[in-house]
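Below is one structure, written out as structure tokens, with a few remarks after it.
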Amino acid sequence: MMLSWKQLILLSFIGCLAGELLLQGPVFVKEPSNSIFPVGSEDKKITLNCEARGNPSPHYRWQLNGSDIDTSLDHRYKLNGGNLIVINPNRNWDTGSYQCFATNSLGTIVSREAKLQFAYLENFKSRMRSRVSVREGQGVVLLCGPPPHSGELSYAWVFNEYPSFVEEDSRRFVSQETGHLYIAKVEPSDVGNYTCVVTSTVTNARVLGSPTPLVLRSDGVMGEYEPKIELQFPETLPAAKGSTVKLECFALGNPVPQINWRRSDGMPFPTKIKLRKFNGVLEIPNFQQEDTGSYECIAENSRGKNVARGRLTYYAKPYWVQLLKDVETAVEDSLYWECRASGKPKPSYRWLKNGDALVLEERIQIENGALTIANLNVSDSGMFQCIAENKHGLIYSSAELKVLASAPDFSRNPMKKMIQVQVGSLVILDCKPSASPRALSFWKKGDTVVREQARISLLNDGGLKIMNVTKADAGIYTCIAENQFGKANGTTQLVVTEPTRIILAPSNMDVAVGESIILPCQVQHDPLLDIMFAWYFNGTLTDFKKDGSHFEKVGGSSSGDLMIRNIQLKHSGKYVCMVQTGVDSVSSAAELIVRGSPGPPENVKVDEITDTTAQLSWTEGTDSHSPVISYAVQARTPFSVGWQNVRTVPEAIDGKTRTATVVELNPWVEYEFRVVASNKIGGGEPSLPSEKVRTEEAAPEVAPSEVSGGGGSRSELVITWDPVPEELQNGGGFGYVVAFRPLGVTTWIQTVVTSPDNPRYVFRNESIVPFSPYEVKVGVYNNKGEGPFSPVTTVFSAEEEPTVAPSHISAHSLSSSEIEVSWNTIPWKSSNGRLLGYEVRYWNNGGEEESSSKVKVAGNQTSAVLRGLKSNLAYYTAVRAYNTAGAGPFSATVNATTKKTPPSQPPGNVVWNATDTKVLLNWEQVKALENESEVTGYKVFYRTSSQNNVQVLNTNKTSAELLLPIKEDYIIEVKATTDGGDGTSSEQIRIPRITSMDARGSTSAISDIHPVSGYISVLLFFIVNALW
């Protein structure tokens, strides 16, 4: 169909306007859904939702049962946006099918149908029900007969009084299909009144029917009879896809029948099928095509069985397989628009345009649901809906058809301003303006029309393809596009550059761990192009910031050299230098092999174990690009300090060997093994340890060491040794064999010590002579046998303790804190042992003997000084001898009183006077207090300042004269002497070296004395009138 020029101009304008404003036909966001309104609800309105988007915004109208709803005339209806509000819904007027229409300037769409129903439940008619008489053992069905209602119901039965409901079990069943109560076998306890209770699942309203009395007949008990199926499902039952299907089945009979289910074709039930209410209900959730077929309910008791059969058929409402999609096309084109749905039965199709049935004509046809329109024009634009329906439902799919008419326009898809390519390459210059219908295109280079030739082709989409580009192809290219509505043009500058070349490429390298290298990558490129370098390692782009510790790009603007520092094994692999410009890219690759010490061997296993050997095997780890030349085996036990190298056979394990025998192991010890590989680079990491294994048992081979003994109590022979370490015991059940005999006797006495940790054995016998020599040896044994004995050594039996007390005990005080005790030695025979010494026990007269203190002295001493005593206090003491066998009796007790303490007052006002080499000292007399010892004299202590040896001068006067050499400082102090010891020292006085013929001083002048620097020998002479 040809259009006039006026129509063309108008269509072009409309197409441009539509593009500018982005107009869009209505699209539903919300559609109404089926609703059930409870009659008598407190809510006095119901809302049916409808919302659509579009530009311009849609407006709405509604239909009920195909007739328009005029909200301006009927005030029970109100529109809120697109939502329809029904005020005070009435089941007589408002029940039916509702549809929403959304319209804007581009067209109209219709919503799916939404059914509004009203749920109600009326009361039972008030009439008495006849009583039901049955014999005991007979089955019975009590009918419910629900009142008029709308909406789904649930049923229950009350026994006698509400709310005592009948409990369902294998004997009693309430059908949710019929509402009836089924009792398979009546018992006397069933007698009573039964009331049917009906509940609306929508409104929750509940009504009760009239009671039905159930009584027993008096003509006897019903005998046994085979099952009679009273409740069964239909012979044919359609089931919707995805629904939950419930089949009920119940039988009367005596005994009470057992209900079972099966498929007639013998196929087992899938796991989703559930049996409920004591098998009275078969439930199939999410019903699918494979669940169709014949099902059987079998009721069986001891008198026989009965079977009910029914077939489930499958149906599915239509559902979309392919939805409509918006179409935008040009005038005079053809349209093929397909929507596809599935369902059972197979859906049929019809189409709407702007809410009305599509009118078919010669160029508009529908076939198998697909719409075809030939020679499109703008008036074909609008909103289209495909409806798929079968007897179970219908569905809608909506889309917009835009038929465009416009002149070529490059604004939406402009041509590239510049394209850069290299000499010899292929380039395509695009020319894709928007145009309806599609524009025809031709090209110009400068002012010259481009013609097709061997290297140049005009493409069907309007593009220009140039192969094997040369420098002469560079220039400005213009595409001129034209259709019946107008024409437009666009330009592209083609820039032709020289190709980029790598002039110094990286090469394969072989390095060792820890080295640093540079992989070169230098290029020659067109100066018009910016260049960028990138390195890939094993296909991954190198991040120089993240991996800067190892990788760095070095070189100038035309170089992308890669420096790799401190190379590690992980750096082995393929390196690619990628050079990229705006028009091309080149790359070059090199392999880097990094050699290092080998990785740990793997799968170390102990294949065979004996008492002293272990057969090992392992597999090779990574060789780190350097072949393994040797292996070493290490072992660890609970007794070793870390891992130790062990001996193997072969002694030297070469790099091709994967097995070795470890020798010289200790029996009955738990070992772990590991293997270390070495190559010419060095030793690698050790393998993971093998599993722990224990060597087999063997007889012990090591005897105890340090065998000795002695001591103990009378009539004992004590034998000691160092226990054999656990790792040398060679097996379980380890112990010691102790052998001994008196010196000169040939027969050994043997005994066993079963504890491997026991280092001692004591032999007791009254016949043992004290301190007699024995030959002793200690051997070993375990579960596998006996081992060697230690060398024979001599051990003496226990000594005899002393039996005599020391005699002639005496004690006298030495000072205020010391008492000397003396005694005579006891008579002693060497055959009785060795006398170790004496023990002196002492206590004061205020203490108890049991809490006494003790002092021990060697056996050759006959006196002891007790120190640290309290002053002026009587102490009691006794002495006894002792040896290794024990201690003898104590001597008689003696006592002595410590002297009073020395005076606490030091000699005061010490003054000195030096003449020539003489020094005259004077001091004040010290007077003792009542509780202090009397002063018996004084001691003058003096030494040179450079020596520590102190000289002492005793005197009973308060003065002393010293003859001292010159040229030396002297330190002097004075103490009082008493029977209780020396008193408190005076302050030290320093006498400087004598440099003049006359000098004097006192203790108050000490701080003015300067130290001397020389050292001379001290010659001390003193002249005193001492009385001794």
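Note that Cβ sites are derived from N, Cα and C of the backbone, with glycine treated the same way.
These figures come from a predicted structure and were not determined experimentally.
Here is what Swiss-Prot records for this protein:
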type: DOMAIN; residues: 318-402; note: domain 'Ig-like C2-type 4'
type: DOMAIN; residues: 408-497; note: domain 'Ig-like C2-type 5'
type: DOMAIN; residues: 703-800; note: domain 'Fibronectin type-III 2'
type: CARBOHYD; residues: Asn65; note: N-linked glycosylation site
type: CARBOHYD; residues: Asn193; note: N-linked glycosylation site
type: CARBOHYD; residues: Asn377; note: N-linked glycosylation site
type: CARBOHYD; residues: Asn468; note: N-linked glycosylation site
type: CARBOHYD; residues: Asn489; note: N-linked glycosylation site
type: CARBOHYD; residues: Asn538; note: N-linked glycosylation site
type: CARBOHYD; residues: Asn765; note: N-linked glycosylation site
type: CARBOHYD; residues: Asn860; note: N-linked glycosylation site
type: CARBOHYD; residues: Asn895; note: N-linked glycosylation site
type: CARBOHYD; residues: Asn913; note: N-linked glycosylation site
type: CARBOHYD; residues: Asn931; note: N-linked glycosylation site
type: CARBOHYD; residues: Asn956; note: N-linked glycosylation site
type: LIPID; residues: Ser1002; note: GPI-anchor amidated serine
type: SIGNAL; residues: 1-19; note: signal peptide
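Asn468 (N-linked glycosylation site) sits 124 Å from Asn860 (N-linked glycosylation site), taking the Cα positions as reference. Counting residue by residue with DSSP, the domain 'Ig-like C2-type 5' (408-497) contains 3 helix, 48 strand, 39 coil.
Sequence-distant contacts (6 or more apart, same chain, Cβ under 8 Å) of Asn489 (N-linked glycosylation site) comprise Phe410, Thr478, Cys479, Ile480, Ala481.
Broken down by DSSP into helix, strand and coil, the domain 'Ig-like C2-type 4' (318-402) contains 3 helix, 53 strand, 29 coil. In the domain 'Fibronectin type-III 2' (703-800), helix, strand and coil residues by DSSP number 3 helix, 49 strand, 46 coil.
In terms of C-alpha distance, the listed glycosylation sites Asn377, Asn765, Asn956 place Asn956 closest to Asn895 (N-linked glycosylation site). Each residue contributes its Cα atom, and for Asn193 (N-linked glycosylation site) and Asn65 (N-linked glycosylation site) those atoms are 47 Å apart. Listed glycosylation sites: Asn913, Asn931; maximum Cβ neighbour count within 10 Å falls on Asn913. Spatially, by CA atoms, the glycosylation sites Asn377, Asn538, Asn765, Asn913, Asn931 include one closest to Asn860 (N-linked glycosylation site), and that is Asn765.
Summed and averaged per residue, pLDDT over the domain 'Ig-like C2-type 4' (318-402) gives 94. Calculated from their C-alpha atoms, the gap between Asn931 (N-linked glycosylation site) and Asn956 (N-linked glycosylation site) amounts to 21 Å. Listed glycosylation sites: Asn65, Asn765, Asn956; maximum Cβ neighbour count within 10 Å falls on Asn956.
For the glycosylation sites shown (Asn468, Asn895), fewest C-beta neighbours within 10 angstroms: Asn468. In this structure the C-alpha atoms belonging to Asn956 (N-linked glycosylation site) and Asn913 (N-linked glycosylation site) are separated by 20 Å.
Comparing the Cα of Asn765 (N-linked glycosylation site) with the Cα of every entry in Asn65, Asn377, Asn538, Asn913, these being the glycosylation sites, the smallest distance points to Asn913. Most Cβ neighbours within 10 Å among the glycosylation sites Asn193, Asn538: this distinction goes to Asn193.
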